[in-house]
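Peer 1: First the structure, which I've put down as structure tokens, then a few questions once you've had a look.
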């Protein structure tokens, strides 16, 4: 029988180890992005889990050594975590933490440290006098912000408690992804001296809501154009690139009277769906939006909405949905592998993504190349494990839509 065997050892398997797995020094996982508000204290975490003394922590920023003592920052006691006391735009960058332990040098994923902001002028109130019975829209410019804010509309009673505001605007009224509010038709019941239509933004840059613009519909005028209620386009989604796992919304918004109700097709197949389904037009928009709650690769295709209200000609709109995927692990890799000297060991790191991710490996924070290691689609194989092979093995996978990083501590008995 051969003296070597190929084994993949789970973190729960311990072969002759005197140290419990949960006490071995591994870095706590970090997020891919940390946001900060200018001048508000913010923490970049770097913590060794397990029982380990004398850990030496260092950081890089944008690939260069970062000396926190030369910046307005502090390091938490017994941790590598950085506390930016009053972060400024100049502190933005890509940070990586390194922890030197008795087992080797552990490294974090690269963390994007970005300022969150939203630039908006004080909200102004505008009075509108639309034409009765015709499609209509109220404009709301999405402000310069990071990340992109959530925009929504509500109906607000002048002088009343903001908590009494209503987000129920009625079946004829729908907010578009461009920030604007669309009326299938505007009617006399929309007129009010005391109610305002208010466009609001939510952002991690602010506590609470930020009012962007307010409108009062003072009155409606009679139509003299001869419009009969035929369907006219208001907001129609263009081609979409959607990420696996994300929410995708396809808008098919036509104005007209009576109000139509779109039917949706994917590659010619009905995808209207049922209320509560993963794909459904039943999502409180009177069918004006097809909702894909969790996008899958199979959702790629050509989508068409068709609508008729019995006045004028039926309408149709088509667009393409292209589905992409950031790197994702097929199975969560182990944080710790403990193996005997002389064994062949596989460190699992199987990744999917579209386009196919590029996978790179490090050993104790240094690029790994050739030698006794072999990279496969399922992970990294170490031939004839020796004491010098112990340490932290990092697997980083990247494509244009994201990146993932996982690190495995290999202990040799």
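The backbone N, Cα and C atoms fix where each Cβ goes, and this holds for glycine too.
Copying in the features that Swiss-Prot gives for the protein in this structure:
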type: DISULFID; residues: 46-97; note: disulfide bond
type: DISULFID; residues: 140-199; note: disulfide bond
type: DISULFID; residues: 252-305; note: disulfide bond
type: DISULFID; residues: 349-395; note: disulfide bond
type: DOMAIN; residues: 122-211; note: domain 'Ig-like C2-type 2'
type: DOMAIN; residues: 233-322; note: domain 'Ig-like C2-type 3'
type: DOMAIN; residues: 327-413; note: domain 'Ig-like C2-type 4'
type: CARBOHYD; residues: 283; note: N-linked glycosylation site
type: SIGNAL; residues: 1-18; note: signal peptide
Peer 1: Determine, to the nearest whole angstrom, how far the Cα atom of residue 97 (disulfide bond) is from the Cα atom of residue 395 (disulfide bond).
Peer 2: 15
Peer 1: Determine, using Cα-Cα distances only, which of these disulfide-bonded residues is closest to residue 140 (disulfide bond): 46, 252, 305, 349, 395.
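Peer 2: Result: the closest of the disulfide-bonded residues to residue 140 (disulfide bond) is 252.
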Peer 1: Across the domain 'Ig-like C2-type 3' (233-322), what are the DSSP residue counts per state (helix, strand, coil)?
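Peer 2: Secondary-structure composition of the domain 'Ig-like C2-type 3' (233-322): 3 helix, 43 strand, 44 coil.
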Peer 1: Look up residue 199 (disulfide bond) in the DSSP assignment and reduce it to helix, strand or coil.
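Peer 2: Reduced to three states, the DSSP call for residue 199 (disulfide bond) is strand.
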Peer 1: Pop the Cα-Cα gap between residue 199 (disulfide bond) and residue 349 (disulfide bond) into the table, whole Å please.
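Peer 2: Cα of residue 349 (disulfide bond) to Cα of residue 199 (disulfide bond) measures 46 Å after rounding.
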Peer 1: Nearest to the residue listed as 'N-linked glycosylation site' by Cα distance: which of the disulfide-bonded residues 46, 199, 252, 305 is it?
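Peer 2: Comparing Cα positions, the closest of these disulfide-bonded residues turns out to be 252.
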Peer 1: Using C-alpha positions only, work out which of the disulfide-bonded residues 46, 199, 252, 305 is nearest to residue 395 (disulfide bond).
Peer 2: 46
Peer 1: When you measure from the Cβ of residue 252 (disulfide bond), which residues in the chain that are at least 6 apart have a Cβ under 8 Å away?
Peer 2: 236, 237, 262, 264, 287, 288, 289, 290, 305, 307, 317
Peer 1: Give me the Cα-Cα distance between residue 199 (disulfide bond) and residue 46 (disulfide bond), rounded to a whole Å.
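Peer 2: Checking the Cα atoms of residue 199 (disulfide bond) and residue 46 (disulfide bond) gives a distance of 40 Å.
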Peer 1: What count of other C-beta atoms do you get within 10 angstroms of the C-beta of residue 46 (disulfide bond), across all chains shown?
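Peer 2: Summing over all protein chains shown, residue 46 (disulfide bond) has 27 other Cβ atoms within 10 Å.
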Peer 1: Report the DSSP secondary-structure composition of the domain 'Ig-like C2-type 4' (327-413) as helix, strand and coil residue counts.
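Peer 2: Taking the domain 'Ig-like C2-type 4' (327-413) as a whole: 3 helix, 52 strand, 32 coil.
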